[in-house]
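As recorded in TrEMBL, the features of this protein are as follows:
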{"type": "COMPBIAS", "residues": "168-187", "note": "compositional bias 'Basic and acidic residues'"}
{"type": "DOMAIN", "residues": "52-178", "note": "domain 'DNA/RNA-binding protein Kin17 WH-like'"}
{"type": "REGION", "residues": "153-197", "note": "region 'Disordered'"}
{"type": "REGION", "residues": "230-255", "note": "region 'Disordered'"}
Amino acid sequence: MGKADFLSPKAISNRIKAKGLQKLRWYCQMCQKQCRDENGFKCHCMSESHQRQLLLASEDPTKFMDYFSDEFKSDFLELLRRRFGTKRVHNNIVYNEYISYREHVHMNSTQWETLTDFTKWLGREGLCKVDETPKGWYIQYIDRDPETIRRQEEQARKKKQEMDDEERSARFIEEQVRRGRTSKETDETPVYTELKRESEEEKVDITEIFCLKLFVSLCSSVLGASALKTAASSSTKRKDTSSSSDSRGEKKKKSALEEIIEMEEKKKQSVRTDYWLQPNIVVKVITKRLGEKYHKKKAIIMEVRDKYGAVVKMIDSGDKLKLDQNHLETVIPAPGKKVLILNGPYRDTEAVLEGIDEKNFCATLTLDSGQQKGERVDVAYEDFSKLA
């Protein structure tokens, strides 16, 4: 029977069929010939050319199978890397795209009988991440290219360098607070000293000290700290004029009133607590356990519970959360805004932010309430926060 003409319907039909995918069992990988039906494949197997190829393969069959297996694996992984990258994809989707190339290496010539066996082998060799689901096997390519690893390390390095000053200062403040708490615990241990006299002739008058303490407490409650300083200066002058004749260059001793005033000031300065939460202040959520939705977001304290916990309302979303003070940090507003002092001698005092000293991690505040209204003080970052 003669061959059909080039433009005849039969020739066009044959060319259309040749372009499409045929059954895998009628393909001969050694001869790279695709047959259309079982009869054609049987005729091809009986041909002389096929017999010669079988004689070559029979000399070293492992060599040919390893070659075809390596070709199939490399082409499959190259398509997976180039087409899907490191995305998780169904193995059948990749295989269908791979066999759409007419000259591809067929699976019946490799060491794997099915696509599932090949997928499991990729997982055992560590070339891909594989997992089985009710819908089938999924694969994810593992990119071990040195250039890709170098690029990822460079991106991580840039991300680390682009950390803003706010996070670095927050970490430094947390470290300073931790050191301050540890030093405070060591300093709070009382040290008892022996009562000694400068000379045998000197007498210790307990009633005088008691009267002085009573006088200081009355002055502090009625007149304030300025009256104490005035009284101390006047008593110091009287003391200096009376003892100037017999001092003879010796170091002047402090009067009992001055010592009591210094003790009162030290007490005020050491009035610190390990809890600082106050209602109606703006804070920032620093915990990552709640997810990216709340991390580094600002909130307003609505209610303080048991000193160390608070109910906060997120400014952006309006969600209400119950958080511990360890999961929050203070917020420093722009200069000119009102703040509330949360710890230290000026606790619960409203103030106005004048400026920030980044070198010493503190800010200059002007007190806006209390007996010392109008006075400028330096307060650490963690001891004040923006008012809502």
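A Cβ is built for glycine as well, from the same backbone N, Cα and C atoms used for every other residue.
Same-chain residues lying 6 or more positions outside the compositional bias 'Basic and acidic residues' (168-187) and placing a CB less than 8 Å from one of its CB atoms are 272, 274, 286, 329, 358, 361, 380-382.
Summarised by DSSP class, the composition of the compositional bias 'Basic and acidic residues' (168-187) is 20 helix, 0 strand, 0 coil. When pLDDT is averaged over the domain 'DNA/RNA-binding protein Kin17 WH-like' (52-178), the result is 83.
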